[in-house]
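Going by TrEMBL, these are the annotated features:
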ACT_SITE  TYR158  active site, proton donor/acceptor
ACT_SITE  LYS186  active site, schiff-base intermediate with substrate
BINDING   THR55  pyruvate binding site
Amino acid sequence: MSNYNNIIEKIRYGIFPAVPIPFRKNGDIDYDAQDKYIEYMKNQPLSGISIWVHTGRGLLITQEQREKVMRTWRDAMPDKLILAGVGANAAECQKESNPEEVYLKKTLDMAKKAKELNADAFLVYAPVLFKNAENRDEKIINYHKEIAKLGMPIILFYLYEEAGGISYSQEVLKELLSIDEVIGIKMATLDSVMTYQDVAEFMKKNFSNKLLITGEDRMFGYTLMRGAEAALVGLGAACTKLQKDMMDAYYKADNVKFLELSLKVDKLAECTFVKPMEGYIKRMLTVLSMLGVIPEESAYDPFGPMEELTEEEKDNIKNTLMEIGEL
């Protein structure tokens, strides 16, 4: 564990936006728009970024696209941490005669490539393939142990089952967090505040030397109050400074400022992380286009539930940005 204390300290108190990819309507990546987005992010107070995760459609884009996206960000931000999503598309693997073997192989291939491209740590996608498997707990633990053999810092991902993830019992959490390479856990329980509270208390009592990282866009401020020491959030893809200022206010015990900024952050989340939840990527790209960061024609998510937002929804986002002082 001592080998990873340095990266733990670099992550602590930092924000790591999960960055989306600007797509055109035809499904092509707009690399010019991405360059503009990178310039915007270089001016945000972030400790690093998270690439190849859900917000960046890491399991859905091609390997060639993944590599190009990673190289572009790595070259642009040599002094920032890159937390790379690693995993495999469970639906695709289910089509194979040996889905579990293919799932592990694809995950390890993605992880090896991330390491080769100079990622600083892995964020392991929730292994949903094992959701209904016999010996589920054992398979979850062994899966993470195989990834750990690559000798990279690992962040676990607790994605609540109702949000499309897989729940971990406290016994499984204890086994996973006992792996030397595991430096912390990212929580994304969506609307299950009880799950977040339970894991936060479990971490505090049993693994206070490892990081509790919030991925809770819709209860961001509250999760800091319950022990989160860093943030890895899709909401951070835009208006990052507002969110980092909120975090700093909390960690410095500036409670008046924290409450004021937390309310603004909540308002931003409440117009972007709404049903259908998969539309949040399109909405965050729309925020970026409204801020003048990327062109409107590059604010598409070819994998999302809707091609366009309604005028009502766009007006709501625009009015919210004005209300919180971002526009």
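Here the Cβ of each residue, glycine as well, is placed from N, Cα and C on the backbone.
Across the fold, the C-alpha of LYS186 (active site, schiff-base intermediate with substrate) and the C-alpha of the residue listed as 'pyruvate binding site' stand 14 Å from each other.
The residue listed as 'active site, proton donor/acceptor' sits 16 Å from the residue listed as 'pyruvate binding site', taking the CA atoms of both as reference points. According to DSSP, the residue listed as 'pyruvate binding site' is assigned to a helical segment.
Taking a C-beta cut-off of under 8 angstroms and a sequence separation of 6 or more, the residue listed as 'pyruvate binding site' has the following same-chain neighbours: ALA18, VAL19, PRO20, GLY234, ALA237, TYR280, ILE281, MET284. The Cβ neighbour count for the residue listed as 'active site, schiff-base intermediate with substrate', using a 10 Å radius over every protein chain in view, is 28.
All protein chains considered, the CB of TYR158 (active site, proton donor/acceptor) has 21 other CB atoms within 10 Å. Secondary structure from DSSP puts the residue listed as 'active site, proton donor/acceptor' in a beta strand.
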